[in-house]
Each structure stands twice: as C-alpha cells, then as structure tokens.
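A short write-up of the structure that comes next.
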Amino acid sequence: MTSRFNPHAAEPRWQAAWEEAGSFRANDASPKPKSYVLEMFPYPSGRIHMGHVRNYTMGDVLARFRRMTGHEVLHPMGWDAFGMPAENAAMEKKVHPGDWTRQNIAAMRAQLKRLGFALDWSRELATCEPDYYGHEQALFLDLFKHGLVYRKESAVNWDPVDMTVLANEQVIDGRGWRSGALVERRKLSQWFLRITDFADELLDGLKGLDHWPDKVKLMQENWIGRSRGLRFRFAITGDVPAGQDMLEVFTTRPDTIFGASFAAIAADHPLALALAERDAALATFADECRRTGTAAAEVETQEKRGYDTGLRVVHPLDPEWTLPLFVANFVLMDYGTGAVFGVPGHDQRDLDFARKYQLPVTRVVATTADTADEPIHDEADTRDGVIVHSRFLDGLKVEEAKAAVIARAEADGWGQGTTVWRLRDWGVSRQRYWGTPIPIIHCDSCGAVPVPKDQLPVVLPEDVSFDVPGNPLDRHPTWKHVPCPSCGKDARRETDTLDTFVDSSWYFIRFASQPDDRPFDRAVAEQWLPVGQYIGGVEHAILHLLYARFWTRALRRTGLLDIAEPFSGLFTQGMVTHETYFDTDEAGRTLWYAPEEVERTSDGAIARSSGLPVTVGRVEKMSKSKKNTVDPGPIVDQYGADAVRWFMLSDSPPERDLPWSEAGIEGAWRFVQRLWRLTEANDAPEGEDKDLARKLHRAVAGVAADVEALSFNKAVAKIYELANAIEKAAPSATRTGAAETLIRIVAPMVPHLAEEAWARLGREGLVADASWPEVDPALLVDDEVTIAIQVNGKLRDTIMAPKGTDRPTLEALALGSDKVLRLLEGRTPKKVVVVPDRLVNLVA
RNA sequence: GCGGACGUGGCGAAACCGGUAGCCGCAGCGGACUUAAAAUCCGCUUCCUGAUGGAGUGCGGGUUCGAGUCCCGCCGUCCGCACCA
C-alpha cells in the first residue's frame, strides 16, 4: 500500500515536538564539545525572501549534523532591527517604527518557524529593544573609557535624502549605499571609534583566518590598505603664508626622490586654503576640484589639472634644487598628508600632469644600468630595476634605495619611515531616531559626559513625529533636556544614534551569553566563541565583518572578553537568482513580467495576460525592480518546508548562485515523496547484500565529509545515488537497514520527513536526537577495481582486477586485451606505465 | 587602471594528489501501467558517423607516458577597489 507524505500535516506536528522536547536549546553547561553555527541575522523587512531561506537552510543542515555527531550546538536567531526602512515606513504609512518593526519580526518569525529550522529561540533578541541596546550603550561607554571613542569636527559624507551621515564604507561611487543619492561634504561634530588603532592587528589577524574565503580576506586587506613609505618635509620658498613654511608629503617610492619634478597639494590642504584667501583664481580652481565627483567614470576620464601656486619647495637632498608647487585635482586630502611630490618617469598620473604643464621627465629607475637613458614616452615605467641618475643611489636596487633614502632622511632629520593606512576611523553618529541612543550628555561646563551606567539604558522616547525630515530626537520637546550627571546643571543629551553596524558588531556575543545586568558573562561567552561557522552574503565582506572584528578586539583591549577573532569560519553563500521576462512598449521602455505572469514554453515564454511572446532575459539576482522574485511563503504552502530546503541544497555549489526554477522545486518534491516510499514497511526480509552495504557506508562517509565542507550539492548527489541503489536492490536485511540509515543521513536536510519516516519505522525518540550512523572503514574499500587500459594515453579497454594487483600482473593483463593486441599489431610497447589500481598505459 | 574569481553537455553541475571527462539532478526522447490524465516504473540522452570509429572541458602554445587539473600567452564573463602618492 503506497501512501504520500503529507507535509502540511506532518511539519507542524514535528515542529511542536521539537519545541516541546527543547531539542535545540543550547546548554551552556554541557560537557560535549561546543559548536557555534550562526547565519547573519536578518533585517526585519516584513517577509523572508529566498536568500534567507537558502542561508538559513545551509546553517541548519550544519547545525543539525553537528548535533548528530555529538556536539552541543548553539544555533540562535535574532533581528537586526534598527535602521532606516522603519523610519521610511513611519513617514510613508504613519506607523511608529517600533510597531512596524515588531510586527515584521512576528511575521518573519512565523515564516522561519514554518521552515523547521533547528534554532534556539530561547535566545532570540532584537537590537531595537532596550534590553539589547542598553547593553550596547554600556559597551560604548567602556570603549569611551579606554579612549577608543572620540568626538571630532570633521568633514563627513552627508546623505541629503536620508538626511544622515554615512561612513566611508557606506559611500559607493559617491552615492549613499542605501538611498543612492549623491553624497555631499559637510562639517559636523561626530563620534568616532578608533578602528585605525587596530589597523595592524586587523590586517595581520587575517593571516590566521584559515577558514575564511581568500576573496574576503583580500577585500579586507585592500580596504585596510597598508602602505609603507617615507613621510618627509619640504621647505617652502617664496611668499609663504604665516606658519606654512614646511610641506609634509608621503611617498611609497622614496627611491625615486631624484626623479621629482614638482610637488602638489590637495585643494582642501591647509596651505591651499590659506593661499586661496589671497588668490581668487586659486579659490575658483579649488572649488572646481571639489565639485567634481568621485564616481568611477568621472575619475577615469577626468583630466589631471593643476594650479601653479608660484611657490617652490626645496629638494631635501639638494638645497640648490627647487621644484614648483601646484594645487592639483588628483591629490586627495584624505590620504597620506594630502600632499605629494611628482615623479613623472615612474608614475602615470605624475607623467600625465608633467606633460600637460611641461615639467621635466627624468628616468631614475632602469631595468639595467645600460638602459639608463632610455626615454620615457607616454607610459610611466613602473617596473622594478636599478636606480640611475640619482647621485648616491645609483646602482642600488629599488628596495635598497628605498631603505637608503629613509635612513638618510632619519639621520638628517627631515623625514621618517612610516606606514599609512587607507582605513579611516569609524564615524558612528547618525542623525536618526531609530537607532541606539549614544549615551552621552553635553554640558556647557563639563563637556561630553558619559551617562552613568546605573542610568542605562537611555531609552528612545516613544512619542515622536516623522512629518518633517531630520532627526525626531533632536526636535523632541523634552527628551534631550537632562541635568549634567557631573555638575547637575542643565545639559543636553546627545541626539545622534549609533550606526546600526554597531548593533551587529556584537550580537553574536550576546547570543552566547545574555545576563540581565551586563552585556554578557565573559566565561560563558568564551565557552562558545569564536563562532565556528558563520554564514552569510558576500555583500558583508567588508563593512559588517570588519566592524565585528574590530569590536571584538576592542572588547579584548578593554578586558571584557579575551577573544581576538569573532568568526573562525566564514562562508559566503551565493544568491538565489531567477530568469527575467520582459518586453518593450511603444515608448521603448522595458516592461518586466513576474514569473507567475508568464508561461514558459520550450523555446521561450509568453505573457499569460496577452498570449504574446515575451523575451526571456538573463538569470539575475531576485529583485523587485525586475520582478523576478519568488516569495517563499506560497512555495512552502504548496510543497512543504522539506522540499524547499532540499531544493536550496541541490545542484548549485553553495558559494555560487542558485537559479530558482519551478522544475527544480518539482524535482525536490518528487524526491521527498520517493524517500517516503523507500521507508514503506516490508516484512523483515533476511539476508545480506554486501554490495549495497558498501554503497551505504560509502554514502554515509561521503555525505558527512561533504556536509562538513558545506558542499551540500555533492552530499545531495550522493544521497540520490544511495536512494537509487536501495531502490534497485532486492529485499534483504541490509536493504531494510539501509533505508533506516538513509533517513538518518537526510535528517539534517529534510527533518520533518525524516521524523515521520523514523516514527513509521518504529524507532524510539526523535531522529533529531539520533546519532550520525557509524561507518565501517572496511566497507569503504573495494576488493575489485576497474583498471583503465590506455595505448598512447588513449583509453582502449577496461579490465577488472582484484585491488592491490601487482604491476607485472596488471601489465600482463593489459597486454592480453584483444583490443590492445589489435592496436599494437604485433609491436612491443616501448614503455609501459602502470599505476596500481588505476591504469596501464602502453606507449607504442 | 589595479586586484580577484570563473569559463566543462540543451541547463544546474561532478571529477581525490596530473590517471576511464560528464556522478547526481533538470529538461528532452522512447516504452510500461492507465479508457485517459496525473502519479509511478523501465530505457536512452556530450557531439559527429548507420555501426566500427573519431572529436571533445573558452582559444593558441608548452611540460608529461598521460592535462578539465600544471606553465606561458590570448579571449570572454562576473565580483571588489578606484586619482591611495
């Protein structure tokens, strides 16, 4: 009698059973080895999307597998609940950001629960609740106390749409990462975290992260951007503004110092500002420099331009030698000292600039001393070589010359070897309501005073309005007026809130330990940390992952937690993609069609509404703008959680994009039903099936290895193979046992079906609590192997031979093959290559 | 421009250390069961050829008894950074 697995009935039942048994509660006191599996927590937008489903399914398989292999697993879930969308919703729909967020959380929690994830919901947290952000405020104050927080007036990236400041990391091609608006420069007093104090550590720490993708490590390395070089001073001659008679520059190429033909400063350089006050033409030029955007296309096409200040700088190695000083549009105030010297022979920008302003171009590095006078044309020569035309440096290699110049500068006192970083301190002030209030009080007498810890949390006021742009905290009638904690006089609360990336910089610690009276218990947190496997999108390769690494190291410096790296293992999963469908209207606009609006045919697609063909576009990341999203909700309704989970793991390697398809989910559904049929009760047949036993043990070992490596697609293929083998096998005791084992190894992937089948097989307890099947190593090796017979490297025949057959025997067997004899036509092979248990290659 | 990844059937892909290319799935084709359909089951499915056979892992070279895998040079796609001195 065949039956069908009914996910709609079974899934809620087993979810309730797990909940009742507390199966997925992590026990801090467990003697078992600890395993912390974490997926990046979601922003509560209101609905989960396929990307979440894929992300959490991967983590879930690993978490369940670890439980089966004897680990105490921590697999928590929470909500990255502060941020702009809640405020946008407040402005558009007149709902309070808190209400909107909490409703979204409730909806998404229900959706996640339907997918049957093995999560410890007892540790759920939302960053927007005072019992989370209050502890964050305490940590902020600890960092403050240790000098890792400071306030400074600085030019900031101002997003005119979101009306807030953005960190450098949040500006992409000159636009706000969220709003897409062109970012403006403004001067504001801002709070900063001293991430640059940790630049060396953060860079060097990458080396130890063996279980991180190289790509992410490289991205962080480039972002931190360490450059070693020489910082030195030029004396300035001419009509120099008061107190500006020295110009400090930074170079990574001190070896080329005798190739210098000019010096240049940024338009915002203090010297340029001073000069502009008395030189209207310069002021105009500087304005033009500031106006030009930093967008990729602009930078690439933009001409190198400069303004000759008329001043000259004295070459540090020759007081008789002076160079012109320009204000130039390609010099950045943000990097190094905002001033450079130009060596046109060996730097493309400098060369472009020198050609334009007819400055001398001298070769000072040549491949060999013989080519010292080879002219430089349109391309700067950046190759390694020996120094030429450079007085005492002549004949030195580039690296030797760098050291020699630095040594000379240090000895003579005009410069020193130094390191500069691309990384900037992290500006965390946001002029927003829906974020963690910065626990500082501004007092006219005492300055910025930390809120005393016993007055934490500083709670967001509920009664705020969003009818005008800007920060509702700032215009709240009473909230900001408080007495100074230090002197008691009238003072003002800081009305900026923290960047939401602060919230996500320590949530994984709070998951590990959540006492009421402090952010975490050090001993308990250290039992779990670092996170053994962290899984999320590669879009967080820099921002979130760098900030979290910094925060963890900052906590170590304050003595609160002795963990250097928060995530020992990182996996960045690919996106879920879908075909796109579109046509073009009379006006040439592209009209997108949602998947449910088109009917896929064998050679294209037609719109259901009109019956007319539409173009099948590229397979792309699911996005609202291209309408190629598939909502997981209805899919789970139709096929159940297990089929969706199975599909998420099938086919595509997890780091690559997964193309969603109707056919794919259908296939997953069929397999779930097939598994169900495989465990159909039969009347206890006797007998052994050695061949099947081998396949079984190989599958168990293979799937375990694949899951450990997060190669879920390979594990899935092995499970299919095993299922095929079991189906084909004649009834036997082995076959009956194999079906049960199969259920255990699919349990992490399709847990509801596994429970249902487990119960049907009459097994005690939950398969969620079962252990991973034992593997008999003896059954992993074959006793007979296929030997490939090649002639001149081409496959001509195969033969079976007992494993371990010696070389002479294999050679003899190969020479006995009819096909081989025919090809050799009586000749004796010149050479015979024998690879035991693999092949014989006869070279004729 | 700099840095990185990738390129294998109609599609998603697999291939340990250089050793039988294409496991597994999807789609397709043929068949069984059925009044029929769905579901299920069996078989075929890289390309060319009727078969024997030949070709084949983006392109061109190289190393090797043997290359998807290693080396050199191209082409293409994607990602990150971007005037970083």
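For all residues, glycine too, the Cβ spot is worked out from N, Cα and C.
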Next on the checklist: Suppose you had to name the range TrEMBL annotates as motif ''KMSKS' region'; which of A:241-245, A:491-495, A:576-580, A:621-625 would you pick?
Outcome noted: A:621-625
Checklist outcome for this item: In this predicted model, the domain 'Methionyl/Valyl/Leucyl/Isoleucyl-tRNA synthetase anticodon-binding' (A:689-806) has a mean pLDDT of 92
Item to check | Cβ neighbours of A:K624 (ATP binding site) where a neighbour is any other Cβ within 10 Å | outcome: 10
Checklist entry - the domain 'Aminoacyl-tRNA synthetase class Ia' (A:620-660): which same-chain residues, six or more beyond its ends, come within Cβ distance under 8 Å? => result 7-8, 11, 47-54, 57-58, 60-61, 111, 114-116, 213, 571-582, 592-595, 597, 667-669, 671-672, 710-713, 715-716, 749-753
Checklist entry - Can you tell me how the residues of the domain 'Methionyl/Valyl/Leucyl/Isoleucyl-tRNA synthetase anticodon-binding' (A:689-806) break down into helix, strand and coil by DSSP? => result 67 helix, 17 strand, 34 coil
